[in-house]
Amino acid sequence: MIQVETVAALRRRRRQWREAGESVALVPTMGNLHAGHLRLVERARELADRVVVSIFVNPMQFGANEDIDAYPRTLDQDREKLEALDTDLLFAPPVEEVYQREPAQETRVQVPGLSERLCGIFRPGHFTGVATVVCKLFNMVQPEVAVFGRKDYQQLLVIRRLVEDLCLPVKIEGVDTVREADGLALSSRNGYLSREERSRAPAIYATLRHLAEEIRGGAGDYRGLERAGLARLAGAGLRPDYLEICRAADLEPAQAGERRLVILAAAWLGRARLIDNLLLTLE
Ligand code: PAF
């Protein structure tokens with residue numbers, strides 16, 4: 001595996017691959033790789049001749065009250081995991097390679113509507129940071145396909161919309177969430193949980209599954225189900241930011257009779273903010 005830090009070195013390699021007629025799949029990450037990320041890399045391997053993984057802890061997607069310095073950085077271990085999966089290139093740029101200007105002067109990519117709901121309410125500016133860096137990474141790597149996890153479902157929709165609206169020639173592939181045996185979705189933030197908090201954390205997915213069963217069983221008062229779900233999370237000792245039953249296509253609040261739904265939740269446990277979701281299609 002080659003590791004490069006600059007766009008110039010990345011482009012040189014990309015040009016060679018293009019001249020050889022080889023396609024590229026990109027897996028954008030912020031590092032601290034777990035089995036969920038590795039599943040994305042395995043999927044990328046199936047989709048293209050060459051696999052590029054980026055590791056970049058993106059300052060633009062962290063709010064002023066969020067501690068970017070505390071975000072786990074484990075580059076040496078990450079490199080070993082990627083090598084074991086036969087990754088072709090690791091792109092790990094320093095901040096100055098990605099952002100040349102003062103934050104206030106940087107060009108931004110804003111996806112209205114979708115970015116302003118759910119996590120966007122609690123993390124203002126977060127999805128603009130995500131959309132901007134993903135757009136930059138697409139322009140730097142120029143992949144044919146890019147792979148993202150469905151655990152960050154709102155992020156996945158924001159990226160699909162950005163690609164559509166800006167006519168970017170990149171296919172977006174979504175990959176299912178990888179879970180612990182007790183249902184907890186894998187996340188770099190799980191590392192912040194104490195043993196006691198970890199024992200409560202599966203309540204998020206258990207609540208989503210419970211609501212999905214109710215809906216499959218015919219319950220149609222979605223706003224009432226949301227209130228019940230929030231109470232269930234609070235009862236399990238979590239501090240929910242939101243729990244909503246939405247249309248899977250655009251994250252607008254779901255109404256009875258709609259068929260493709262997603263139930264999404266974000267909740268705090270100690271200093272970890274956990275998110276999860278469950279997609280369901282009704283007959
Ligand atoms: O999902 C993530 O890890 C990040 O939001 C991403 C897509 C790599 C952009 O920084």
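Using the three backbone atoms N, Cα and C, a Cβ is placed for every residue, glycine included.
TrEMBL labels come from automatic prediction, so no person has curated them.
For 30-37, 149-152, Val178, 186-189, the entry in TrEMBL reads ATP binding site. The feature active site, proton donor is assigned by TrEMBL to His37. The (R)-pantoate binding site feature in TrEMBL is assigned to Gln61, Gln155. Feature annotation from TrEMBL assigns beta-alanine binding site to Gln61.
What TrEMBL annotates, mapped onto the structure for a quick look.
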| residue | record | Cβ contacts under 8 Å, 6 or more apart |
| --- | --- | --- |
| Met30 | ATP binding site | Ile55, Phe56, Val57, Asn58, Tyr71, Ser188 |
| Leu33 | ATP binding site | Thr74, Gln77, Asp78, Lys81, Leu82 |
| Gly36 | ATP binding site | Gly149, Lys151, Thr177, Val178, Ala185, Leu186, Ser187 |
| His37 | active site, proton donor | Val27, Thr29, Gly149 |
| Gln61 | (R)-pantoate binding site | Gly125, His126, Phe127, Gly129, Val130, Val133 |
| Arg150 | ATP binding site | Leu156, Gly174, Val175, Asp176, Thr177, Asn277, Leu279 |
| Gln155 | (R)-pantoate binding site | Phe127, Val130, Phe148 |
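The 6 Å Cβ screen around ligand 1 retains Met30 from the recorded positions Met30, Leu33, His37, Val178, ordered by sequence position.
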